[in-house]
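Below is one structure; the comments refer to it alone.
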Amino acid sequence: MLHKSPSRKRFASPLHLGCILTLTVLCLIAYYFALPDYLSVGKSSSRGAMDQKSDGTFRLKSIYRHGVGANHRLHQRLEVTPEVISAAGMLYQETTTQGQDFEDQEPLWTTNAEYATTNPFDFEFELRRMPLLMKRMKERDPEFIESYIYGETYMTEEEEHAMWIDDDIVAPNITDRGTVVSLALMSSNAYVRIPQTGDWRNVTEPWNETEPEDFGWDGDGIRGHVFYNEVENIVVLSIKGTSAQGLPGSGEDETTGNDKINDNLLFSCCCARVSYLWTTVCDCYVKSYTCDESCLEKELRRKDRFYSAVVDIYKGVLKEYPDAAIWVTGHSLGGALASLLGRTFGLPAVAFESPGELLPSKRLHLPFPPGLPSYMEGIWHFGHNADPIFMGTCNGASSSCSLVGYAMETACHTGRVCVYDVVNDKGWSVNMFNHRIHKVIDEVLLGYEQAAKCVEPEPCVDCYNWKFIPSRDWESSSRLITKTKSHAAPTTTTRTTATTTSSSTCVGRNWLGFCTKYEL
């Protein structure tokens, strides 16, 4: 008699199911953490696409200089010819020889033998590139962008979302140590003095011959050095701001009123109103820890300020290289301006030791795409934690910055930050002299075997104790004086009392603390 074998139950043991579930969760976690790094260098996973060496080299091709303040209409371009390079090399060697007599003289170039040269303006830079999936505006024409920033272009919420695209672009490989060092050297190149010779061409109106010959070089303007790779059709714009006495690493030890006005306007909470002893750089201060927000925005947008000047320089570069990929870089103030420029036009920007530029980015109403993941941004801030300017701690009445008249009160950066922990690794103490560009290059960027990892900044709020009102008259107009009548028994009396009530209440604030929605 045949017996039917009992069917086996196809059920896994609880231990088996637990192992499968654990492995699945671990795979999902690994995928989640690897996704930003994957997307940050593009959609391709091949090593060749992630890290590509440029076929050509970057050489200095032209220099722009733009006035600020009373000279803000002045804008010139110099083509870097062999004659200019030769004259610059002679001046560099002469300046270097003279600087050897002073122990505290800031070096004009790195002391590293790998990058040694007798003429920084004839140096050829090698940069590695990487693909980057970047979210930026579809329409990036300067005229459209300016109308968008100034609120002259009306669009619905759907139209505003549709104007952002995911764009595959070429960006500098910020994970490559040599590329980071080369970009820092390009930033330092903008500090090296140029002989006041050459065929300067007026970009805007004719140059005023009564202006001093050293305009734009030593104290009263912004300079942009243009490096070009003819093979890859890539431009690197290195930005330098004005010199700053007392702030090391800012080039010449000279200063102007325009320098402090613009620095204090960009990086202070309210017109450099540190205390009653300070002279403010604008008239937006209302009263104790209260500031006119609309006034600040207008001051930053003025044509004689830094931001407008650097936008004009970018327009000149764009006209010169209309089809090229453009990257921007800079150190300190130049790095902050590079970041603002990159934010405005959707350009990859690499900044070194720059002050926090999130606050001026918001005040200028620069484009921030909705729901933007940090790994889809093209802005990187390199710095170390022994630099109080970069870390946002160079403030307060007794700080080094305050003692020389600078209100560096911002600490928050946009994009990603790439911080070297020199305090723990090298035993450095926080000191303003650690801000110097060549100290950063020689002892930090070249002092580590790898470039610092770039991560999303920690949650940060600038000027948390300040109140920013829509306008100077808003606070007084929001209070009403009303008359009320009260009746008492058995006799009826009438009295008039003044009651102060608020006509509106803030029911919604953005993450910077500004009120965005009011309720009556």
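Even glycines carry a Cβ here, placed using N, Cα and C.
Given the structure is predicted, the values throughout are model-derived calculations rather than measurements.
Taken from Swiss-Prot, the feature topological domain 'Cytoplasmic' covers 1-14, and the record attributes it to similarity to another entry.
Annotation comment: Swiss-Prot describes 15-35 as transmembrane segment.
Annotated topological domain 'Lumenal' per Swiss-Prot: 36-520, in sequence order, evidence recorded as similarity to another entry.
Asn173 (N-linked glycosylation site) falls within neither a helix nor a strand when secondary structure is assigned with DSSP, and so counts as coil. The feature N-linked glycosylation site is assigned by Swiss-Prot to Asn173 (among others), with sequence analysis given as support.
Summarising the annotation, Swiss-Prot assigns N-linked glycosylation site to Asn202 (among others) and lists sequence analysis as the type of evidence. Using a 10 Å Cβ-Cβ cutoff, Asn202 (N-linked glycosylation site) registers 11 neighbours.
Under the heading N-linked glycosylation site, Swiss-Prot lists Asn208 (among others), citing sequence analysis as support.
Under the three-state DSSP scheme, Ser332 (active site, charge relay system) falls in the coil class. Swiss-Prot lists Ser332 with the feature active site, charge relay system, giving sequence analysis as the kind of evidence.
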Rounded Cα-Cα span from Asn173 (N-linked glycosylation site) to Ser332 (active site, charge relay system), Å: 21
Largest tally of Cβ atoms lying within 10 Å of a Cβ, found at which of the recorded positions Asn173, Ser332: Ser332
Distance [Cα-Cα, Å, rounded] between Asn173 (N-linked glycosylation site) and Asn202 (N-linked glycosylation site): 35
